[in-house]
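As recorded in TrEMBL, the features of this protein are as follows:
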- 70: active site, proton acceptor (ACT_SITE)
- 8, 9, 10, 11, 12, 13, 71, 153, 154, 155, 156, 176, 181, 182: substrate binding site (BINDING)
- 41, 70: Mg(2+) binding site (BINDING)
Ligand SMILES: O=c1[nH]c(=O)c2ncn([C@@H]3O[C@H](COP(=O)(O)OP(=O)(O)OP(=O)(O)O)[C@@H](O)[C@H]3O)c2[nH]1
Ligand SMILES: [Mg+2]
């Protein structure tokens, strides 16, 4: 089976990419399979910039095609925070639990109608000698007042998917993978790749 390399060390993302790429006939490798590679510093100010940084750095190091995902949560009442800082929101004590606690603290007293938010996912596909492709996917929702469910990762337990009446962490992985920001971005990448193939590039 052909394989695709995703430049991530996040095991939650890795699991989702495995499920999303398997039906397309690709096995997924991640940076968890390349422990010797150094972390790429996420110095960009947008999801796209960071995705390009991660994809191009690893593609140039390994000399093959690489996809990177830079993603996060934008909360309207917090002027878009945590945004590109989603993984490191709680500072030195950063982890999914502490990041969620910080968001819930900051949203204390904010009414339901003002707790709108979205997950964002930028994917960059880089290959030595080829132009890097980028796509962007989102998933709209609202921030709950407490955690619900235990599937998924990151902020999933506090992210209400209104059309389903469930938190992202209450959805089965197959359900999340139909509607998520990551799934929407992958669909766009598929389209771009089809167009590129039709142009014989
Ligand atoms: O509840 C969530 N459901 C998701 O589907 C999701 N996708 C992203 N996130 C959050 O955003 C950060 C990404 O930051 P990020 O793109 O820098 O990734 P990361 O640092 O974890 O790994 P890497 O890919 O950089 O190695 C993650 O850590 C999470 O906190 C999510 N939270
Ligand atoms: Mg990161």
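Cβ from N, Cα, C; glycine included.
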Entries of 12, 41, 154, 156, 181 which, being binding-site residues, have CA atoms within 10 angstroms of residue 70 (active site, proton acceptor): none
Ranked by the number of other Cβ atoms within 10 Å of their own Cβ, which of the binding-site residues 8, 10, 71 ranks first? 71
What is the maximum Cα to Cα distance, in Å and rounded to a whole number, among the residues 8, 9, 10, 11, 12, 13, 71, 153, 154, 155, 156, 176, 181, 182 annotated as binding substrate? 20
Out of 12, 154, the listed binding-site residues, fewest other Cβ atoms within 10 Å surround the Cβ of 12
Among the recorded positions 12, 41, 70, 154, which have a Cβ atom lying under 6 Å from any atom of ligand 1? 70, 154
Same-chain residues six or more away whose CB lies under 8 A from the CB of residue 181 (substrate binding site)? 71, 118, 119, 120, 121, 137, 138, 139
Residue 12 (substrate binding site) -> DSSP, reduced to three states, gives helix
Residue 8 (substrate binding site) and residue 41 (Mg(2+) binding site), distance between Cα atoms, whole Å: 12
Under 8 Å Cβ-Cβ from residue 156 (substrate binding site), six or more apart in the same chain: what's there? 149, 167, 168, 169, 176
Among 41, 70 [recorded positions], residue with fewest other Cβ within 10 Å: 41
